[in-house]
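A quick write-up on the structure given underneath.
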């Protein structure tokens, strides 16, 4: 689907979509339980892949009140109580890397063989460190092509034990092992061989596990317990635990990765004197809430009422800043788009791991912003956007089949002279299905071609 975005101003109130990261974890945690309700879930292409996996393991995921699955305000999960059945068929994770990694560890608990695959993009993403870790724990876990990429074959059962794993490729490996380790006989002790990147995503996992009654602990070099994942040398989760949220239900918070595009839109294109208000911005463990501090450093007029969960942002003159995205990789596209509008240089550092997402997001943003007239410099671990040298004009750009690239380019298109055509607009369904509807409600001039095809 092509989406045409014409230079526009925005105003009004919108609501953040529920968190994709929390929804994935909550659906699987409910699957590990003997039953739980997930309230305010994000129902998207990615999270539906996790729901299908829970069903494949012998659970069931249904809307609470008989509404359409896509419109569900709550999903009732009939769990498999920590003992996943061997699936009758291959588990297709579609485009969801989170699903594949979390479900690969869950598959290791089954007393038999599970096969997992995904779309072309997912079949190119690295799974090798997780497969090696499961192998070290006594599970057969292999790539059918021998390259550490899907399709994957996993044969359990997993009893638990101690394992070493790198922390600089994907924090999802840690999340997968912690979630599965809680229901093993022996528990799992994880030693990190390299410093942990994207630590806030593990904090999300630790927070959610606690809400489901699971104790998991980050530890330092001396084995002492830490308050959070940052700086951890490893993690410990005891086995034999049971997943059970208080009151039998769990409520998903708003998604700060998605909020970042709404904040950026307000910062660069709010109608003079008219703010953009974003509801549902309740504080949580999400590292991507750093977007508020980042745009404030750039000079944005922004306020965050944490108690009410409301962010208010007005258009301002922005200046370039330096940002380390080691812990917040999903913010890189948003920051790059802001940098193309700001005065001076915006230097995005510590971003090599962002190259291993749905696409190489570093190169993708550099190349697509260049099409719009931005000037960029790309290095292996750094992306610099030269805002003062940029003159954004409408052009045809490629969303690279990546939801975050599509949404970031839509933000840049708000201030590009004329009309910008973004190819692959349908991919927003991965994390923010009503993104273009929400933007249209704020006043963006948007037309969709082929939406019904």
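Cβ atoms are placed via backbone N, Cα and C, with glycine included.
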Query - phosphoenolpyruvate binding, same site as 20, 97, 125, 172, 361 - Swiss-Prot member from 306, 314, 315, 404 - result: 404
Query raised in the report: So which binding-site residues are near residue 357 (3-phosphoshikimate binding site), with CA atoms within 10 Å, out of 20, 125, 172?
Result: 125
Query - Neighbourhood of residue 361 (phosphoenolpyruvate binding site) by C-beta distance under 8 A, where only residues 6 or more apart in the same chain count - result: 329, 332, 333, 354, 355, 402, 404, 405
Requested in this report: If we count other C-beta atoms within 10 Å, could you say which of the binding-site residues 20, 25, 357, 404 has the fewest?
Outcome: 357
Query raised in the report: For the compositional bias 'Polar residues' (1-12), what are the DSSP-based totals of helix, strand and coil residues?
Result: 0 helix, 7 strand, 5 coil
Query raised in the report: Can you name the residues of this chain that are 6 or more positions from residue 171 (3-phosphoshikimate binding site) yet have a C-beta less than 8 Å from its C-beta?
Result: 196, 197, 198, 199, 201, 202, 229
